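Here the structure comes first, spelled out in structure tokens, and everything after it is commentary.
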Amino acid sequence: MSSSESVENECMCWAARDPSGLLSPHTITRRSVTTDDVSLTITHCGVCYADVIWSRNQHGDSKYPLVPGHEIAGIVTKVGPNVQRFKVGDHVGVGTYVNSCRECEYCNEGQEVNCAKGVFTFNGIDHDGSVTKGGYSSHIVVHERYCYKIPVDYPLESAAPLLCAGITVYAPMMRHNMNQPGKSLGVIGLGGLGHMAVKFGKAFGLSVTVFSTSISKKEEALNLLGAENFVISSDHDQMKALEKSLDFLVDTASGDHAFDPYMSLLKIAGTYVLVGFPSEIKISPANLNLGMRMLAGSVTGGTKITQQMLDFCAAHKIYPNIEVIPIQKINEALERVVKKDIKYRFVIDIKNSLK
């Protein structure tokens, strides 16, 4: 590597050094741009609960120093000679994965998120053996396949959360045909994912009911996000009154909860999609079978549907509700994420604060 390449590849970032999860300034080296790569200056990065999990080694597989961040938005500064879809100056996004085998049935169908050899954007092991570093950094180099075009008139700070929170609910909603005007949707939980499910539901022409254990969420659900109904899920009478009334349910709740009361809300042949991660699922087979209901899980989405979602949000002027912060506030922000003290997604202003 030449001295000029060395300077070009140097990357400022914030990293966790140990399971305390405390982040502080750090410097890493990004790879040089190869034939199919895109290098982008990161302007914004969303803050996801995954950043807490791996910064604090909650799954026991964190590799330090760890640079979080997989909701990345920025501007192209360099492209490899074979790159066809991007040019310098384009607005681009990078989501939860940055590589895959590109040969399996899932990759061939644009479902790279399901590839057995997929590589996470941070704390992953790339195919060259290196550990991936995420978007709490000044720039990143990614194969063009895993980059997304952000429409030029769509704010970069708004695009960032779409690349995890947005696609996590958009993908299953599209997969299970939850875009039928006039149908009814229930959204369980009103955080980063839940508020996007409400926004998509409204854009699809659905009648949306929000379920929460907190009455404090009522005003924002109805008046801020435009849901038609709000239900306290711990209120037996409210839940009973809605039995067999919903076509679809999207469960974004992160904590453990009973499933049967929600399953009873679905009409015959209704669909319940789980995108949260409770420690276990317990459900009555009769509730599932006799109602001919479907229970499905989902994660994020492949490259094809992620690009579709970005275009849809731009066309329909759908924007996540965000709080923009400087990177110097990230440790405080992560604590607030744990405490659910955010409406509804933090976005780091990398461009103006990472110096």
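Indices start at 1 and increase along the chain as displayed.
Every residue gets a Cβ built from N, Cα and C, even glycine.
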Binding-site annotation, Swiss-Prot, Zn(2+) 1: partner of His70, Glu71, Cys164 in Cys48, Cys101: Cys48
Site-mate of Cys101, Cys104, Cys107 for Zn(2+) 2 in Swiss-Prot, selected among Cys115, Cys147: Cys115
Other residues, Cβ within 8 Å of Cys48, His70, Glu71, Cys164 Cβ centroid (Zn(2+) 1 site): Gly46, Val47, Ala50, Asp51, Gly69, Ile72, Gly95, Thr96, Thr121, Gly135, Ala160, Pro161, Leu163, Ala165
Integer Å distance between the CA atoms belonging to Ser298 (NADP(+) binding site) and Cys164 (Zn(2+) 1 binding site): 12
Nearest recorded site to Cys115 (Zn(2+) 2 binding site) by CA-CA distance, among binding-site residues Gly191, Gly194, Ser214, Ser298: Ser298
Largest tally of Cβ atoms lying within 10 Å of a Cβ, found at which of the binding-site residues Cys48, Cys101, Cys107: Cys48
Near-site residues: Zn(2+) 2, ref Cys101, Cys104, Cys107, Cys115, CB cutoff 8 A to centroid: Ser100, Arg102, Glu103, Glu105, Tyr106, Asn108, Glu112, Ala116, Lys117, Gly118
Glu71 (Zn(2+) 1 binding site) - helix vs strand vs coil (DSSP): coil
When distances run from the Cα of Glu71 (Zn(2+) 1 binding site) to each of the binding-site residues Cys101, Gly194, Ser214, Lys217, the nearest one: Gly194
